[in-house]
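**Q** According to TrEMBL, the record shows the following:
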- 1-11: compositional bias 'Basic and acidic residues' (COMPBIAS)
- 1-36: region 'Disordered' (REGION)
- 24-36: compositional bias 'Polar residues' (COMPBIAS)
- 104-152: domain 'CTLH' (DOMAIN)
- 267-300: repeat 'WD' (REPEAT)
- 300-319: transmembrane segment (TRANSMEM)
- 339-358: transmembrane segment (TRANSMEM)
- 385-426: repeat 'WD' (REPEAT)
- 439-461: repeat 'WD' (REPEAT)
- 597-639: repeat 'WD' (REPEAT)
Amino acid sequence: MGGREDAEPPSKRAKVPSEDLENSPYNSSYTNSISGSLGDSMARPLYSQGDGERIGSKGLIKKHEFVRILTRALYSLGYDRTGDLLQEESGIQLHPSAVSLFMQQVLDGKWDESLATLHTMGLADESVAKSASFLILEQKFLELLKDGKLMDALGTLRNEIVPLSINKGRVHELAASIISPCQTVVLGLSSQDAGENSRSRFLENLQKLLPAAVMIPERRLEHLVEQALDMQRLNCVFHNTLDSELSLLSDHQCGRNQIPSQTSQVLHVHEDEVWFLQFSHDGKYLASSSKDRSAVIWELWFALAADGCYCWITLVFGLTARGCYGVGFGDRMVGFPRLVAGLSSAGSLLAAVVWTWGRASRMPFSTICFRNVKDNGQVVLKHSLTGHQKPVLTVSWSSDDCQLLTCGLEEVIRRWDVSSGECLYVYERPGVGLVSCGWFPDGKGIVSGMTDKSICLWDLDGRELECWKGQRTVNISDMAITDDGKRIISICKETAILLLDREAKFERLIEEEQVITSFSLSKDNKFLLVTLINQEIHLWSIEEEVKLVSKYKGHKRTRFVIRSCFGGFEQAFIASGSEDSQVYIWHRGTGELLSALPGHSGAVNCVSWNPVNPHMLASASDDHTIRIWGLDDLKSVATHSNGFFHQSNGRI
């Protein structure tokens with residue numbers, strides 16, 4: 001975060017009314033505003049570095065620095081005349097005349113003159129002056145080499161660069177480039193680099209070396225504003241929206257309604273306790289697993305959209321029915337779905353996906369289940385997956401969301417095709433049950449935890465590729481794999497989590513004082529969220545040194561496995577189930593408990609935050625239901641009184 005790098009060179013606008021510039025091959029718009037009119041600025045007194053005049057309600061801002069930054073911003077935005085006027089009215093220069101002259105000399109390739117001017121700019125740190133001199137001479141050397149002036153380049157290297165006695169490794173590279181001129185490409189000066197463009201980029205790099213008080217960094221005002229917006233966002237515990245929505249016109253503060261807190265759907269399909277659920281990576285699907293020995297794939301139902309309004313289209317000719325406008329029937333292909341639309345007599349726009357059998361079929365209006373426009377974005381049943389002989393513990397999405405793994409309780413792992421709902425393969429080992437599962441990032445292999453406490457890697461055809469034996473997992477276990485496929489993470493004993501580095505053959509442990517019930521890996525693979533038996537959730541950093549970062553408290557857990565997750569914009573929130581039938585949400589950074597969401601009538605076993613929609617959260621409960629949570633302004637529509645659509649069974 002912080003300021004973004006500017007795509008433009010740092011001092012694109014120099015105004016130096018010089019006869020020499022008129023004939024210079026580098027005379028262009030780039031030289032129109034380094035510091036306003038150099039002739040004018042040289043006639044003005046230098047600003048006082050000790051100027052104590054302050055502005056702002058707290059007296060923290062030095063006026064002369066503030067004006068200089070504003071001037072730089074005006075030139076960066078192309079408002080050259082306004083920048084000139086600001087310098088004239090304020091009497092405060094963007095840069096002292098020596099700095100402006102130095103910048104222009106660099107752009108003109110007057111290397112010897114720029115070196116002389118550099119030493120008149122009052123650089124207090126001699127090492128900075130020497131490093132800047134090295135960069136200038138290096139650029140001089142590279143341009144001479146590019147122009148084929150090998151002897152001049154050699155003289156610059158021997159007589160000017162080497163005596164500086166710094167950057168010896170770079171000096172050797174420069175010397176090598178004389179023998180092999182093509183090396184200049186490696187050194188940073190390609191055959192396409194010439195004159196203004198090359199020198200503009202060079203000046204930008206040189207500027208980063210010099211003190212900001214000497215040469216104001218390009219885009220400094222934008223950098224400060226972005227820092228302020230970042231800080232406002234970080235201090236807003238309810239922030240859960242895109243950064244593009246932040247405004248400069250008022251201080252940013254989100255309301256509580258930015259986090260999911262309203263039940264938008266209740267899904268009734270499972271016939272027993274729902275133990276696990278997880279959104280797909282693209283946020284278009286939700287998978288759930290249950291004690292009833294089934295898993296379900298749900299789909300977020302969307303229509304086409306145009307100009308911000310939902311637009312319903314069809315390849316058929318319409319419907320004729322009482323209360324629904326639109327006439328005509330057309331030939332159909334057997335079983336081929338069509339999205340059809342109609343307007344009810346009440347003026348509501350309705351739509352449905354319809355299958356017909358046979359050609360030129362006519363379907364009575366009463367047999368078609370329509371959806372109202374306001375149901376766009378709802379979760380609907382796609383496939384019910386059956387075949388396990390025991391309760392289904394967990395599910396795992398492939399990286400492309402085209403396949404799904406389901407793991408039975410000490411039973412087998414099944415691999416399913418998401419589009420068709422077909423079981424593609426069953427993974428099992430005689431005499432050993434499987435207790436956890438996960439995908440390798442490339443989608444070409446799966447990993448599983450076994451009841452014999454080993455971890456095994458399989459290819460898609462069920463061949464065992466690797467196996468780590470010993471105390472590697474426990475019977476009730478979560479499992480995760482980092483996106484680079486290098487580390488496997490598993491609960492290896494009641495109070496410890498194993499971080500297994502496959503390449504380095506190295507193991508690290510996260511050790512807790514309490515029994516671990518579950519964990520969740522952050523999207524960036526840098527943090528692990530660990531749920532404990534003592535009603536605490538711990539956030540661990542695992543990127544380099546393993547360390548405890550934060551703790552979250554407030555939810556209830558005495559008997560069951562309760563799962564938590566990261567979620568929201570930039571995963572700024574922590575959500576968890578609870579045995580008191582509520583969903584708990586904390587701010588990840590502060591640890592503040594933000595909300596406890598009632599609605600379920602049994603323990604909430606698992607939660608999953610939609611990775612694409614920060615305003616959608618799902619929860620699974622012992623009450624046999626799944627709840628979809630949205631923002632306060634989303635109204636719950638369990639059943640339509642017109643009978644066209646019954647939401648609670650998850651079907652259209």
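Yeah, the Cβs are placed from backbone N, Cα and C, and that goes for glycine too.
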**Q** The repeat 'WD' (597-639): which same-chain residues, six or more beyond its ends, come within Cβ distance under 8 Å?
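**A** Residues 240-241, 257-268, 270-279, 281-284, 286, 288, 290, 298, 374-375, 378-379, 523, 560-569, 573, 575-585, 646-648.
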**Q** With a Cβ cut-off under 8 Å, give me the same-chain residues at least six positions beyond the ends of the repeat 'WD' (439-461) that come close to it.
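**A** Distant Cβ neighbours of the repeat 'WD' (439-461) are 396-400, 403, 405, 407, 410, 413, 415, 425, 427, 429, 432-433, 467-475, 477, 479, 481, 483-485, 488, 490, 492, 500.
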**Q** Between 0 and 100, where does the mean pLDDT of the repeat 'WD' (385-426) sit?
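**A** Mean pLDDT for the repeat 'WD' (385-426): 96.
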